[in-house]
Every structure is written in structure tokens, then in C-alpha cells.
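Below is one structure, written out as C-alpha cells, with a few remarks after it.
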């Protein structure tokens with residue numbers, strides 16, 4: 001038995017969806033544990049491209065149970081839209097193959113309006129929110145004002161909580177943000193309609209996962225975003241609002257830490273970031289644009305162009321430490337095919353002095369200078385390789401050097417968007433990483 005957590009080891013968009021899709025073959029349950037529809041997973045199945053924002057990637061596999069845990073925040077409208085699209089494609093034939101925690105917090109229309117209005121008023125201090133209402137929903141969760149799915153299913157409880165929230169939210173919208181308020185009626189009936197559909201998917205998911213793990217079933221936990229976007233361990237305040245690190249898999253599902261056996265971090269062979277915040281290896285030249293175009297670096301959720309830079313070993317080494325990574329899956333190695341020289345950041349300096357680790361102080365992080373090591377490129381198409389030995393020597397040397405720098409074994413190498421364009425060195429469900 002092995003229960004595996006998959007986390008992003010950089011600033012998100014590392015290719016977790018593809019890796020989760022591959023690992024799903026070996027799992028019984030696939031579980032989302034944090035975030036919301038602010039993150040997109042892009043999967044390529046045969047000739048079919050599927051983008052999911054809420055539903056776990058495992059939904060494309062027959063016979064797997066997909067679970068959305070209590071640590072996620074749920075937009076009912078988006079959730080229902082994804083279900084409809086999947087059913088239109090002939091997927092999700094059994095509704096009970098997809099379960100949602102009864103304790104999950106619900107994204108309300110006022111959350112989205114507040115999110116957008118705040119960002120509009122931020123000027124140069126923009127965080128880079130997707131405007132999906134994720135942050136304000138987590139605020140209400142922590143402030144104990146949130147509306148959970150179990151509340152939504154009880155019309156009387158929902159009505160009371162909605163009225164209480166609107167008294168406060170309308171003041172914020174009108175007086176502080178200069179936006180229009182909501183009426184009770186326009187939200188209540190719409191969300192009661194959502195509740196009638198959601199009722200088919202509600203469950204005590206923590207208990208289900210406990211029983212499945214106890215019975216020897218294999219659990220796969222699918223993280224969203226990345227380590228450097230974690231609300232506690234990321235580049236605060238340029239972070240998301242949830243726990244993206246491996247610890248979030250426990251708090252976001254109700255699964256015991258003792259029931260987590262392997263933790264795999266996903267990292268691109270270079271690095272990208274969306275939105276504002278420090279990014280020491282960012283490339284603002286032709287190399288950065290080349291990475292963006294060849295790697296199709298545009299957000300699955302927002303369509304925004306991603307900032308691109310050379311691989312940052314400091315970032316991934318930090319992810320190894322705070323997550324307790326047992327292995328790293330390296331994605332998009334093929335994007336580097338046509339670079340004669342590839343740079344790798346091995347460390348930072350601040351005011352001329354080397355730093356031992358990532359600085360927590362944002363003002364320091366923004367002024368860090370990367371220390372680079374240059375490696376020769378392989379200048380050939382590697383997308384046809386199916387074993388590590390089939391890669392060009394210079395490509396193998398690049399992977400091995402990254403492994404040395406991050407202090408963690410690389411267990412998978414992705415060399416293209418398709419599932420078969422993957423080199424599995426070690427499988428966390430079958431091998432001891």
C-alpha cells in the first residue's frame with residue numbers, strides 16, 4: 001500500500017495534471033485538498049484536450065473515485081459546468097464516482113465581486129488574483145462566517161447565514177469598494193437550485209478516505225498551485241490563500257499524516273510564474289520569450305502569459321525541505337531542446353553575500369541576484385525517448401545535475417504533452433522512492 005501526495009515545487013503550472021493522470025492508473029481514490037477553480041489542470045488524452053479547474057484529474061479514468069476535500073473552496077456554478085462538460089464527452093457515468101466533502105466552503109457571488117473590486121483598487125500593489133473569489137471565501141472560512149455545503153443543503157440555515165453575510169458584505173461593497181450590493185433574492189433561489197444538483201455528490205469524505213486507506217486502497221492527493229504560492233511558506237503576500245504544501249493534504253481532507261507515504265514534487269525543467277512577486281531567474285529577453293512560446297506558457301485559467309526563467313535550484317531545494325519530498329517529477333524537458341546553452345541557478349546573493357536559503361523577507365527576495373551555472377544544451381528532439389538511457393548524453397547530464405543541486409531523486413521526466421511522452425524512473429506506488 002502507498003498513499004501519495006503530488007505538490008507543485010515551484011510557483012504552480014508545473015504540469016501536475018499530467019503526472020497525476022499517469023499516477024492515477026495505480027490509485028483507487030484521487031483527491032483534491034486545497035484551492036478552488038483558480039487553478040487549471042490541462043490533460044491530453046489521445047487527441048482530446050481537457051481542462052479541469054475543480055474536479056480531480058482522475059475523473060478521466062474509469063473505475064476511480066474522485067474526491068474534493070474540505071480544504072477546497074467550491075464554486076457551484078463552475079462545478080456543475082465541469083460535470084456537464086464531462087458528461088457531454090461521455091465521462092462521469094456514475095455520479096458516486098465523484099464525491100464532495102459536506103464541510104467544503106462555498107464561493108458566493110459577493111466573494112467574486114469583492115475579489116475583483118479589491119484588485120481594481122490596488123493599483124501597483126496588485127497581487128495578481130484570478131478574480132474567482134478564492135481569497136475572500138477563505139477569509140470567511142477563517143473568520144467563521146463561511147457558508148459550507150452542509151449549510152447550503154438546508155434552506156433555513158442557508159437563508160439565515162446568507163442574510164447575516166449580506167449585511168456585512170453589502171457595506172464592504174458599497175462603502176469601501178464603491179461597488180453595487182446584492183439582494184437576498186437574487187442569490188438565494190439561484191444557490192438553492194445549485195444545492196439540488198450538488199446533493200447527489202455530497203459525502204463524509206474524511207470517513208470514506210479513512211476506511212479506504214484502512215482497507216488497503218491507494219490514495220493519490222492532487223495539489224493545486226505550488227509551494228512558493230503557499231499562504232504560509234510562499235512569497236507572501238504574492239501567494240494564494242490556502243496551504244499548497246504537503247501538509248495541506250492532511251488538513252484539507254482529514255487524512256492522518258501517518259497515512260501519507262510518498263510525496264512527489266512537480267517541477268519544470270525551467271521555471272514560470274503568473275502574476276506579481278519576486279522571481280530571481282526571470283528572463284525578460286529573447287530566451288524568456290522563446291521559453292514562453294515553445295512551452296505554450298499561458299495560463300489554463302486566465303490565459304495570461306506566464307513569466308519565464310531558468311531553473312532555480314534554490315526554489316526546488318526549498319520545496320524539498322518544506323514538503324519532505326521523496327521524489328521530483330521533472331516536466332517539459334523537451335522545451336529546452338533548441339537551447340545551445342542552458343543556465344541553472346545554483347544560489348542567490350544579496351548585497352554581494354551568498355544566502356543559505358530562500359529569504360522570508362520580501363524586500364530581500366526581490367533584490368536577490370541569481371548565481372548561474374552554464375550547461376551545454378543537447379540541440380535535438382527528445383520527445384521520442386521512452387527510457388532515460390535513450391536521452392542524449394547532455395540531456396541526461398542536465399537531469400543528473402539538477403538532481404544533485406536539489407538533493408532529491410528525480411523519479412519521472414516528461415518530454416512532451418502526451419501521456420506516452422513520459423519516462424518513469426521510479427513509481428511511488430510500486431517502488432520505494
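Note: Cβ is positioned from N, Cα and C throughout, glycine not excepted.
Pulled from Swiss-Prot, these are the features on record:
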| type | residues | note |
| --- | --- | --- |
| ACT_SITE | 13 | active site, proton acceptor |
| ACT_SITE | 41 | active site, proton donor |
| BINDING | 12-18, 40-42, 306, 332-334, 414-416 | GTP binding site |
| BINDING | 13, 14, 15, 16, 38, 39, 40, 41, 130, 144, 225, 240, 304 | IMP binding site |
| BINDING | 13, 40 | Mg(2+) binding site |
| BINDING | 300, 301, 302, 303, 304, 305, 306 | substrate binding site |
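Residue 18 (GTP binding site) sits 8 Å from residue 41 (active site, proton donor), taking the Cα positions as reference. Each of the binding-site residues 38, 130, 225, 302 was scored by other CB atoms within 10 A of its CB, and the lowest score goes to 302. Nearest to residue 303 (substrate binding site) in space, judged by Cα atoms and limited to the binding-site residues 15, 130, 333, is 130. Across the structure, residue 306 (substrate binding site) and residue 12 (GTP binding site) are spaced 11 Å apart at their Cα atoms.
Non-local neighbourhood of residue 12 (GTP binding site): 39, 224, 225, 226, 229, 244, 273, 274, each in the same chain, at least six residues away, with C-beta under 8 Å from its C-beta. Per the record's binding annotation for IMP, residues 13, 14, 15, 16, 38, 39, 40, 41, 130, 144, 225, 240, 304 show a top Cα-Cα distance of 34 Å. Other Cβ atoms within 10 Å of the Cβ of residue 41 (active site, proton donor), summed over all protein chains shown, number 23.
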